[in-house]
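K.L.:
TrEMBL lists 27-71 with the feature domain 'Homeobox'. What TrEMBL lists as DNA-binding region is 29-72. What TrEMBL records for 79-97, 123-142, 149-168, 206-226, 246-267 is transmembrane segment. Per TrEMBL, region 'Disordered' is recorded for 285-331.
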Amino acid sequence: RFIAKPCALGLKVQANGPQKAQPNAILEKVFTAITKHPDEKRLEGLSKQLDWDVRSIQRWFRQRRNQEKPSTLTKFCESMWRFTFYLYIFTYGVRFLKKTPWLWNTRQCWNGYPYQPLMPDLHYYYIVELSFYWSLMFSQFIDIKRKDFGIMFTHHIVTITLITFSYVTNLTRVGTLTLCLHDAADVVLEAAKMANYCKCQKLSDLLFLTFAIIFIVSRLGIYPLWILNTTFFELYEALGNFPALWVFNVLLVILQILHCFWSYLIIKAAYKAISKGKVAKDDRSDIESSSDEEETVPHSKTPHSTVTTNGTSGANGTNGYLTGGTCSEEH
């Protein structure tokens, strides 16, 4: 409120929200009491009742759904908050791990286990990370519903369970490595989003491609070769078999499956960037639900001017929310 918003206004981030739908009592009643996504049959009925063409009614429902979504300014402030947190906690993690012996030799994670002292710095690192992921899980229900809502919810549950379980069983040394590794890519992702909201397209493209490289290298390369290797093999060699080992490894493997899913989406976005010469939005978490997409419904027989019925121009009449550097087709 006091830092991100002035910065956004200084960078001329668009403060107005999505375009509001033209007031209409009949359509509003259908929207609030019956359905937000009318089918073709209902659209035809409303078209005859209002003497509007189907496309105009379809556009009205899309704008009505979108007008409840946050403005670019709000999204910039959210991204700046997350960027600030990720940058701080990643820097803190790197400075902390530089002083530890297990950063360069993962076998040190198991020396003296389970009688390893809980250092104050490590305790602080864990508590701050756990608090942040709890906040993400709860805020997900009041934020925009993303396409990958279920996947993100699963990720937050697994992450919170992992942090809590590793803290209780004193598997905190390898936990700090995992936390720091995951924060690296998220710093760049939030920076790319802010650049996109500021309409710095070239900077946004560069940051997104940087994020894609860091994400894939860290999650598909370093994570299995560094983290999973020590928890599956080095831990077993040092301490043998015990129940907590398998629970911990199952949670880490679930996390790796999510990494593979997101990597697929990121690679697909990068391919679009190369083929179209422009980076699309990150499919992992920044694309809103499919209500924004163009619906293919045939026109009714009664033509009606979009400008007069809906109050929108041809430039952004298809969707008042899709303004800025990215075209609606990419959304």
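A Cβ is built for glycine as well, from the same backbone N, Cα and C atoms used for every other residue.
Predicted, not measured: the structure shown is a model, and the values here were computed from it.
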K.L.:
Counting each residue once, how many in the DNA-binding region (29-72) are helix, strand and coil under DSSP?
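P.N.:
Within the DNA-binding region (29-72) the tally stands at 30 helix, 0 strand, 14 coil.
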K.L.:
Does the transmembrane segment (149-168) reach the transmembrane segment (206-226) with at least 3 CB pairs under 8 A, where each pair is 6 or more residues apart?
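P.N.:
No, the transmembrane segment (149-168) and the transmembrane segment (206-226) are not in contact.
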K.L.:
Other than its close neighbours in sequence, what residues sit by the transmembrane segment (123-142), given a CB gap under 8 Å and a spacing of at least six beyond its ends?
P.N.:
85, 89, 92-93, 96, 149, 152-153, 156-157, 159-160, 163-164, 167, 172, 175-176, 179
K.L.:
Pop the mean pLDDT for the DNA-binding region (29-72) in here, whole number is fine.
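P.N.:
The predicted confidence over the DNA-binding region (29-72), as a mean pLDDT, is 81.
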